[in-house]
Structures are given as structure tokens and as C-alpha cells.
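Chemist: Just dropping this structure here.
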Amino acid sequence: MGVQFGDFIPKKEITLKDLKGKTLAIDSMNILYQFLSSIRLKDGSPLRNSKGEITSTYNGLFYKNIYMLEEGITPVWIFDGKPPKLKYMTWKERKKMKEKAEEEYKKAKEEGKLEEMYKYAKRVNYLDPKIINNSKKLLKLMGIPYVEAPSEGEAQCSYMVKKGDAYGVVSQDYDALLYGASRVVRNITTNKPLELIELDTVLNHLGITLEDLIDMAILIGTDYNIGGVKGIGPKKALEIVKNKKMKLYSKYIPNYEEIKEIFRNPKITDNYEIKLEYPDIEGLKKFLIDEMDFSEKRVLPHIKKLEKIHERKYQSTLEAWF
């Protein structure tokens, strides 16, 4: 879900060329959900193989990674670990929303309303352990690094950016800002214009500190206190923090200090290596074509592209030695 800052946050439109030579820390769960909700058939159903397994995520993962690599971007995918206990409420809320969407989808299907079917089917997204494990398998076959976060993926992404190991966090949410990420890149997996959000620009624009931004988020509602304080949106929340009135509201927010601590001191790890490896060509063919029923005609040229990208990288590394 993420905090709902919406249009309240200043954004800068950029192109992929602006990210050339950069390493991007990708919030895997957020982006895999994007693939799952956007890569669908006309009736809203996800892509599946002959065994009925959903393949939308692997489709997005394979082609989008090659697209980024071709543009000189190094992607590193960060996967969630064990979430904070407070997040279980979010899971319950998401489950309710999905159940409602499923009911609406069935109703639209009975009435033969394709647009309605597509609309509600997009909201019924389940990233089960098999999809997540297969996504990691595909990344490994492609030679693309991924990191297992001890807890929240966005927190780990943000840490890697603050440490200087990545340029920015790739996510459709704004939560990475609350963890102190200096840059967030949005829409890299969509057809919308790319957006760059810079933390310093946000804070200067709003005239507040990072602590204030965290308080704003808690007032509006985060993954750890869904809905926030009733009747408070971004505008009212900004007014409260700028007028130093947070203490008046914080005592009515359950687990206020615990939520702040999640953003201030998240669980992170230094146990990672950002290194592109040579792809397992035969393994890729087996996984994508034989197991997932991808079109051989479409997949093979992209595997060739992947090979050429790594060959160019290897050649440039050799030349740097002489």
C-alpha cells in the first residue's frame, strides 16, 4: 500500500538516459506486484503456462531487466524478509480488499463486462512463495544480483542508496523517503513518464525535516497504521507538523513510537554483493521456453541481447586493464 502522499510530493520527469551508468535498488515486492497487475489479457486474467501457473511476473522481470541493461543501468533486486509485527494488519486489510475485488470480478464476468473484469482482476494479486522463488531463480539465470533483506525491502534499498552502493530506489511507493533514501525512481516498469523524487527537494519544498515527514506519513497512514488519523490528509498533516502540534495527536495514535522506530532504525544487512554475472543461457531457455511456455521466437533474440550486453561489459573491463 505505502503512504498516500500523492501529488503533494514534488517530482521531476526524467528519461532512462539520465540513469545510464547508475545502479538501482529495486523494491522487488512492489515491482513484481506491478508486473502481476499490469501484464494481463483483455479479460484481466494474468498470463499462464500450460500447467496453469501464472507467468506475468517472469515476463516483466525478463524483458524489463534486459531493457534496463541495454540502457546501461545495473539493476539489483531487493526481496523482503520477515516484516515488522505491525504490518500484519496491512496484510489483513489487503486480503479483505482482494476478496471484495474477487466478488466484483465474478459479477462482471457473469455479466460479460470486459472492462469491469479487467479493472477488478488487476486488484486480485497474490505473490505466493513459488512466484517469489521462481523470480529469484530467473534473476540468477540472467546473472542479475538480488539481495535478501532481513525485514522490509524498501528499508534495505534505502540503506544501499544512503551507503552509496545504489543511485536510487525503484518503487511506486513513497515509503523509501521515510527510510531516508535520497532518491526514488517511479514508473520504470510502466508506460508512464519516468519520475525522480529527491528527498532534499521534497523537504525544502515542504519546509520540514525528515522527522516531520515521518510524522506526516503516520498521520496520513502507513503500512503500520492503516488509515492514519481519521480526517487527516497530506495538507492537514503538513499543517500539524509545521505548527509543532504532533504531540497533541501522537498520544491518540496506537504504537506511535514503535512505528517511528521502524523508519528510524530498520533492520538492514551488509551481506550483499552487486555484481552482474554471465547468464546461464541453457538454464534460461529451459526455464522460460520449456517450463513457462514463453514463445521461443520472442525469447531467443532477447537472450542474444543479454549475451551481447555481458560480452560488451567484459570487453570494456578487459580494455580498462590495458
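Heads up, the Cβ atoms here are built off N, Cα and C, so glycines get one too.
No curator has checked TrEMBL annotations; they are predicted automatically.
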Chemist: According to TrEMBL, Asp173, Asp175 bind Mg(2+) 2; so which of Asp80, Asp223, Asp270, Asp280 is the extra one listed there?
Modeler: Asp223
Chemist: Among 251-259, 314-322, indicate the range for which TrEMBL gives the feature region 'Interaction with PCNA'.
Modeler: 314-322
Chemist: Looking at the Mg(2+) 1 binding annotation from TrEMBL, with Asp80, Glu152, Glu154 already listed, which candidate in Asp27, Asp43, Asp200, Asp212 is the matching residue?
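Modeler: For the Mg(2+) 1 site that includes Asp80, Glu152, Glu154, TrEMBL also lists Asp27.
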Chemist: Find the shortest Cα-Cα separation between Glu154 (Mg(2+) 1 binding site) and the binding-site residues Asp173, Asp175, Asp223, and name the residue that gives it.
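Modeler: Among Asp173, Asp175, Asp223, Asp175.
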Chemist: To the nearest Å, how far is the Cα of Asp175 (Mg(2+) 2 binding site) from the Cα of Asp80 (Mg(2+) 1 binding site)?
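Modeler: Spelling it out, the Cα of Asp175 (Mg(2+) 2 binding site) and the Cα of Asp80 (Mg(2+) 1 binding site) are 14 Å apart.
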Chemist: Which of Glu152, Asp223 (the binding-site residues) has the most other Cβ atoms within 10 Å?
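Modeler: When each Cβ's neighbours within 10 Å are tallied, Glu152 leads.
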Chemist: Given the model, what does the mean pLDDT over the region 'I-domain' (116-245) come out as?
Modeler: 93
Chemist: Between Asp223 (Mg(2+) 2 binding site) and Asp80 (Mg(2+) 1 binding site), find the distance joining the two CA atoms and give it rounded to the nearest Å.
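Modeler: It is 14 Å, counting Cα to Cα.
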